[in-house]
Amino acid sequence: SGESGAGKTESTKLLLQHIMNLCKGNSQLEQQILQVNPLLEAFGNAQTVMNDNSSRFGKYIQLRFQKNTVQGAKLSEYLLEKSRVVQQDTGERNFHIFYYMFAGLSSEQKEVYGLLDPSLYRYISGRFGTQEVAERWKHKYQEVCNALDMVGFQEQEQVDMQAILAGVLSLGNVTFEPEESNGSVKVSEASRGWLKAAAVSHKKSSLCVPSSPVSSSVSCCCSLCVDARDSIAKMAYGRVFGWIVCKINELLAENVDPEVELREIGILDIFGFENFAVNRFEQLCINLANEQLQHFFNHHIFQLEQAAYKEEGLPWETITFKNNEPILNLLLAKPLGLLSLLDEQSAFPQATDKTFVDKLNSSFKGNLHFQPARGRVLGFSIIHYAGKVQYAANGFLEKNRDTLPANIRGLFINSVTPLLHRQVPLHIHHEPKPTLARVKCGHEALLIFLCPCQHSLMMLMERMYSANPHFVRCIKPNSQKEPGVLDNQVVLLQLRYNGLLETIRIRRDGFSWRPSFEEFAER
């Protein structure tokens, strides 16, 4: 764990290499486990203002062992930031793979996929890199191709995948205009070429946007059409990413007798705490995950540890720590936690982001960890364990629903590309069914309803609590992304809010090494 840009992903790669080395690192499986990283980073990482290679999803890697040899591995992914496909803030980029394609594909291949100059595409904000950066991306593209071959993607599957990515970029340039004759909305004349490019990439793949009046004249306002267009793009990219994870798991699955008991080491590499100039729904989900991990850390390092000392009657002066339970209650409590109120508002068709914020302001008046926005700003602030974050509430309800209209779902089901139609869940056009779950928060169990986003986090925390944890705390040396520079104040702030100063004290004054009686007697 640690802030965005603190080195979690790099530390994870080093830890994996170390474990493989301890296993002698010779088997094909061990090498494959190390080689899937370029693939995951290309499709799941992006440049942000805090980190040039920021993980925009959480991953949990389970390594399964028999007699100190790796027998298999499984990858679970959490909360891919699909909204990045259609929108990036100033100083940020889309997922790496789009830039790698432009740099790595030949002119002939670009023509096959209908790709033009990168400056033309709205979804990558018309931004590209210098020649030096492009050369690096070209090398990265080759790494991705090698990884796709190694994971077992057939040539046609790789063609389909890249055709979908090219189609997503073209789709972002489709615009809409009113139909004068009947007051409906249609695809603008200027962007019909982009629609055609999105629908068919030289007959190699299809997003199946039909040529019937449905696609070119839709009786709804332009903003709804834009939302539908972006929904298609996000869903298509999410399908590609999910497909890659499934193929990786097929490759790395253990091939042993089910009766054989395997031991397991799990490594969690999850997006770090974020505080940007503009923070949205995605940042709230990311920061909630970090709040939960911080509570998990406190629970193991302070609560369980000191309870054990007390139980054994040891002379011990209680060490206090910064408990973030009140923040988790603010976010997760039922029925008046922030996410419960968000689910409640998401269920009302007439509700808006403003009615949601009004509900928060009335429900959390006087709460020490909540601050209403000043003036006419539509938003609110949360005082997190790592500091105050101001959230812009625009889009909260729509992103929490995360639904596709039924007619758009039909486009995926009828697609000629297996990748798109075979993975669309049947319930995707319904409102997400909330999951009932019980959260252990200190001594109290909270009953909460979970939308799919929250359910993903809940599954993750259940895994964490069922394991015997070791914590790797990554500390960011400076805020300028500079090598070899240690900013004392930046480091000290992290040591304080992470509870590491109290951790040092409990490790120094407590009993951090606990041999068994047998080990003690032998020594």
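Quick reminder: no glycine exception, Cβ is built from N, Cα and C everywhere.
Check TrEMBL against the ranges 273-295, 319-341, 434-456, 457-479 and you find region 'Actin-binding' recorded for 457-479. Residues 1-3, 5-8, 11, 15, 50, 58, 60, 76, 78-79, 266, 268, 270, 272, 285, 288-289, 292-293, 296-297, 300-301, 435, 437, 439-440, 450, 485-487, 490-491, 494-495, 498, 500 of the same chain lie 6 or more positions beyond the ends of the region 'Actin-binding' (457-479) yet place their CB under 8 Å from a CB of it. Taking the mean position of the Cβ atoms of Gly2, Glu3, Ser4, Gly5, Ala6, Gly7, Lys8, Thr9 as the ATP site, the remaining residues of that chain whose Cβ falls within 8 Å of it are Asn51, Gly272, Cys474, Lys476. Summarised by DSSP class, the composition of the region 'Actin-binding' (457-479) is 9 helix, 0 strand, 14 coil.
In the structure shown, across all protein chains, Thr9 is the one of the binding-site residues Ser4, Thr9 with the greatest number of other Cβ atoms within 10 Å. Per-residue pLDDT, averaged along the domain 'Myosin motor' (1-523), amounts to 86 for this model. A count of other CB atoms within 10 A of each Cβ picks out Gly2 as the most crowded of the binding-site residues Gly2, Gly7.
The Cβ neighbour count for Lys8 (ATP binding site), using a 10 Å radius over every protein chain in view, is 23.
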